[in-house]
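Let me give you the structure first, and then I'll get to my questions.
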Amino acid sequence: MNSWDAGLAGLLVGTMGVSLLSNALVLLCLLHSADIRRQAPALFTLNLTCGNLLCTVVNMPLTLAGVVAQRQPAGDRLCRLAAFLDTFLAANSMLSMAALSIDRWVAVVFPLSYRAKMRLRDAALMVAYTWLHALAFPAAAVVLSWLGFHQLYASCTLCSRRPDERLRFAVFTGAFHALSFLLSFVVLCCTYFKVLKVARFHCRRIDVITMQTLVLLVDLHPSVRERCLEEQKRRRQRATKKISTFIGTFLVCFAPYVITRLVELSSAVPISSHWGVLSKCLAYSKAASDPFVYSLLRHQYRKSCKEILNRVLHRRSLRSSGLTGDSHSQNILPASE
């Protein structure tokens, strides 16, 4: 195994570790906090988290074994099952992010009617649609025998080895990425740009009120005035940074793999196997970044993490104090006798 393969293997191991720990922590927060579970986005987050964990424990280890062994890492049945999961989980992840963006759009654009428009039942119906949509393509691939080990990506995924099926497979692959990656990207852009428009409108209103207040308070200390102006600037940038993070991580993680899959259908452009595996690793890295982008950096999840940590530390302190008390009593009893 050369240095490139060793680096790709190390990248996969690091992605697996971060993804497993962060998604498990999100799952613990969902189980611990009833307030989070009562909200409709919790269903989208749960769906995304479970998919990320399944990808981490099934697909990533098989790809790691394929990179190390430079061949199919498992039997045909297991590889076809992993390829089915790979196709389903990729589409489900993209559609779940689109569902989260729709939820944010409804919450920001229609704040007064949000609870009526986005109930748990509505969220469950959206999750059911993402499952049906994501299951359609791997189910069709099973019927057409287009699942197996792909040497270019060192993973079990969509593939076709028969030259006479090249055109049909190209149409199928193009339709899959158009209705998963492209559709989700369009939904993300439309919803988040509308959210950004509303956020900027509210920022302008707040800025007008702030400037009027600063003009009236003529005796205000210059340092306080500067802090108010800096807060104005941060407030304007906050929504832009968040939306750029949502759309940017989606593109950085999925676009290289999707483009590579489409370019691969044209035999005129040769693709390096190292780039193929790297693009697959970037797609896997979305499972490691999702918990931070959508969950762990939010106030409710941070609060839940602190409560879980405090509970664990409290139990340890009780156990240690109990053990200290027992040892102290054992030391005293012989002396009293």
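Cβ atoms are placed via backbone N, Cα and C, with glycine included.
So TrEMBL lists these for the protein:
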TRANSMEM  6-31  transmembrane segment
DOMAIN    22-294  domain 'G-protein coupled receptors family 1 profile'
TRANSMEM  43-69  transmembrane segment
TRANSMEM  81-102  transmembrane segment
TRANSMEM  123-149  transmembrane segment
TRANSMEM  169-195  transmembrane segment
TRANSMEM  243-263  transmembrane segment
For the transmembrane segment (43-69), what are the same-chain contacts with Cβ under 8 Å, counting residues 6+ beyond its ends?
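Same-chain residues near the transmembrane segment (43-69) but 6 or more away: 1, 5, 8-9, 12-13, 15-16, 19-20, 23-24, 26-27, 30, 78-79, 82, 85-86, 89, 92-93, 96-97, 99-100, 103, 120, 123-124, 126-127, 130, 149, 153-156, 277, 280, 284, 286-287, 290-291, 294-295.
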So what's near the transmembrane segment (6-31) in sequence-distant terms, Cβ-Cβ under 8 Å and 6+ beyond its ends?
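Answer is 37, 42, 45-46, 49-50, 52-53, 55-57, 60-61, 63-64, 67-68, 274, 277-278, 281, 284-285, 287-288, 290-292, 295-296, 301, 304-305, 308.
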Can you name the far-off residues of the same chain, 6+ from the ends of the transmembrane segment (243-263), with a Cβ under 8 Å from a Cβ of it?
90, 94, 97, 101, 158, 173-174, 177, 181, 184-185, 188-189, 192-193, 195-196, 269, 271, 275-276, 278-280, 282-283, 285-286, 289, 293
